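I have placed the structure first, in the form of structure tokens, so that the comments after it can refer back to it.
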Amino acid sequence: MNILVINCGSSSLKFQLINSDTEAVLAKGLCERIGIDGRLVYQPAGKEKEITEAAMPTHKEAIQMVLDALMNAKTGVIKSLDEVGAVGHRVVHGGEKFASSTVITAEVMKAVEECNDLAPLHNPANIIGIEACKALMPNTPMVAVFDTAFHQTMPEEAYIYGIPYKYYEQYKVRRYGFHGTSHSFVSKRTAEYLGKPLESLKTIVCHLGNGSSICAVNGGKSVDTSMGLTPLEGVMMGTRSGNIDPAIMEFIAKKENLDIDAIMNILNKESGVYGVSGLSSDFRDLENAAEEGNAKAKLAREAFCYQVAKIVGGYAAAMNGVDAIVFTAGVGENDGIVRKEVCKYLGYLGVQYDEASSSVRGKEATLSTSDSKVKVLLIPTNEELAIARETLLLVTK
Ligand code: ADP
């Protein structure tokens, strides 16, 4: 069966068409600037990328263009929409309602909408994407795969914040965690890679990308994760602050005469390694600048690695041990120096990092020495494939 995987943002839409028998990507791409002007990047497997500028007033036109491209006589990969067996949608926030992926029904849509105020930037866009697909493919089964679902196994003491309990009761303010599809995929693959049962493993997954989160996975279940109510918590990221003293918000607001929206904008868009370096959110730029002697770029990278290591250490304590520490996502898969710097702090856990592995990029690999008590691994994530697998499972049930 061919499965269309859709990841809808407020003005963008990423897609992949995956054959679920072979797990091959038949075509992939991205619609950008939806509602502004519109641009489709379409890449059929093994062929050149095509870029088309065309008006996309809403996500519906964007999805129509994607379907037209997939069926194009020359560069398409299917002949008709009948060849799309199901659609898998990434949905950011499933609140406490969704502990697993689900076939989309009217009831599910209502429940997803009820999670909107937990993720006002993301969920409404996800819903628009689902509605647009439903309008164009009314008879195709659709599945919602939630970023938060994998973390619903966290125990209460891990998800409750030290604020009045009534805010949890009234507004569901708690830790939810994100990147769940990635943490689940990578922890499962870790067990396969090590040839050990998932149920027996204590794994810490470091998903380090533009957004970064770390997850403690005990016996295949998420028991803690660094992102919280929103994806702002945890380690400092490309432009997000991660953990700070909450009083800093009031302090800066008073000093600079800013309201809460302006403060949130600073913490989401002007902070993290970008904010510290004043230069870039991209770890490659920071490494280059650090090599040329830029002290703030160096500090941003060092502080990032230190924060990752502190959370890894905390999760080893939370699980009373760790068998494998796994790096994934853009930075984790590519930046050998970040991996090495993080592991430098973890010797006391029994981590022996293999210096020779620092140049490994983008493929499964063992990064620790053969006698290291704790395995350090690189396992590339593949959220689209994970969504396709979940979708197949649910529509063939
Ligand atoms: P997103 O959170 O947007 O999905 P990714 O997981 O794709 O992010 O990670 C993007 C980040 O990965 C970039 O911002 C960049 O800092 C980093 N990155 C990508 N390639 C490399 C590389 N070769 N070396 C170091 N960092 C890299």
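Placed from the backbone N, Cα and C atoms, the Cβ positions cover glycine too.
Quick look at what TrEMBL lists:
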type	residues	note
BINDING	N7, E383	Mg(2+) binding site
BINDING	K14, H207, L208, G209, N210, G211, D282, F283, R284, G330, V331, G332, E333, N334	ATP binding site
BINDING	R90	substrate binding site
ACT_SITE	D147	active site, proton donor/acceptor
SITE	H179	site 'Transition state stabilizer'
SITE	R240	site 'Transition state stabilizer'
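Known features from TrEMBL, placed on the structure.
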{"residue": "K14", "record": "ATP binding site", "contacts (Cβ under 8 Å, 6+ apart)": "I6, N7, C8, K28, G29, L30"}
{"residue": "R90", "record": "substrate binding site", "contacts (Cβ under 8 Å, 6+ apart)": "V5, I6, N7, C8, N126, V145, D147, T181, E383, I387"}
{"residue": "L208", "record": "ATP binding site", "contacts (Cβ under 8 Å, 6+ apart)": "V308, F327, T328, A329, G330, V331, G332, D335, V338"}
{"residue": "N210", "record": "ATP binding site", "contacts (Cβ under 8 Å, 6+ apart)": "M237, G238, T239, S281, G330"}
{"residue": "R240", "record": "site 'Transition state stabilizer'", "contacts (Cβ under 8 Å, 6+ apart)": "G211, P231, L232, L267, N268, K269, S271, G272"}
{"residue": "R284", "record": "ATP binding site", "contacts (Cβ under 8 Å, 6+ apart)": "D335"}
{"residue": "E333", "record": "ATP binding site", "contacts (Cβ under 8 Å, 6+ apart)": "F327, R361, G362, L378, P380, T381"}
Students should find that the Cβ of H179 (site 'Transition state stabilizer') has, within 10 Å, a number of other Cβ atoms equal to 30
Here the Cα-Cα span from H179 (site 'Transition state stabilizer') to D282 (ATP binding site), rounded to a whole number of angstrom, reaches 19
Listed in sequence order, the recorded positions from K14, H179, L208, E383 whose CB sits under 6 Å from ligand 1 are none
Looking at the recorded positions D147, D282, E383, the one with the fewest other Cβ atoms inside 10 Å is D282
Cβ atoms other than its own within 10 Å of the Cβ of V331 (ATP binding site), all chains, total 25
In whole Å, the longest Cα-Cα distance within the recorded ATP binders K14, H207, L208, G209, N210, G211, D282, F283, R284, G330, V331, G332, E333, N334 is 24
A correct count of other C-beta atoms within 10 Å of the C-beta of N7 (Mg(2+) binding site) gives 22
